[in-house]
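Below is a structure I'd like to ask you about.
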Amino acid sequence: MRTLLVFLLLAILVAVLIGNVQVEACKEVDECGDMFVCIEGICEPLIG
């Protein structure tokens with residue numbers, strides 16, 4: 001039971017760290033590539 005709790009806490013920590021990296025991934029509009037645009041720090045696909 002204790003091992004499962006430690007594993008879940010580590011998984012949550014890794015998910016938060018990955019989320020922070022993705023939010024800070026882009027700062028310029030054209031930084032994400034051809035079919036994506038940077039909106040509020042996140043690469044979003046162009047629709048339309």
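Heads up, the Cβ atoms here are built off N, Cα and C, so glycines get one too.
A quick note: this is a predicted structure, and the numbers were derived from the prediction, not measured.
In case it helps, Swiss-Prot gives these features for our protein:
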- 1-21: signal peptide (SIGNAL)
- Cys26-Cys38: disulfide bond (DISULFID)
- Cys32-Cys43: disulfide bond (DISULFID)
- Ile47: isoleucine amide (MOD_RES)
Fewest neighbouring Cβ atoms within 10 Å: which of the recorded positions Cys26, Cys32, Cys38, Cys43, Ile47?
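Candidates: the recorded positions Cys26, Cys32, Cys38, Cys43, Ile47. Fewest Cβ atoms within 10 Å: Ile47.
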If you measure from the CA of Cys32 (disulfide bond) out to 10 Å, which recorded positions from the list Cys26, Cys38, Ile47 are inside that radius?
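Within 10 Å Cα-Cα: Cys26, Cys38.
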How big is the gap, in Å, between the Cα of Cys26 (disulfide bond) and that of Cys43 (disulfide bond), rounded to a whole number?
7
Should Cys26 (disulfide bond) be counted as helix, strand, or coil on the basis of DSSP?
coil
Return one of helix, strand or coil for Cys43 (disulfide bond), based on DSSP.
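The three-state answer is strand.
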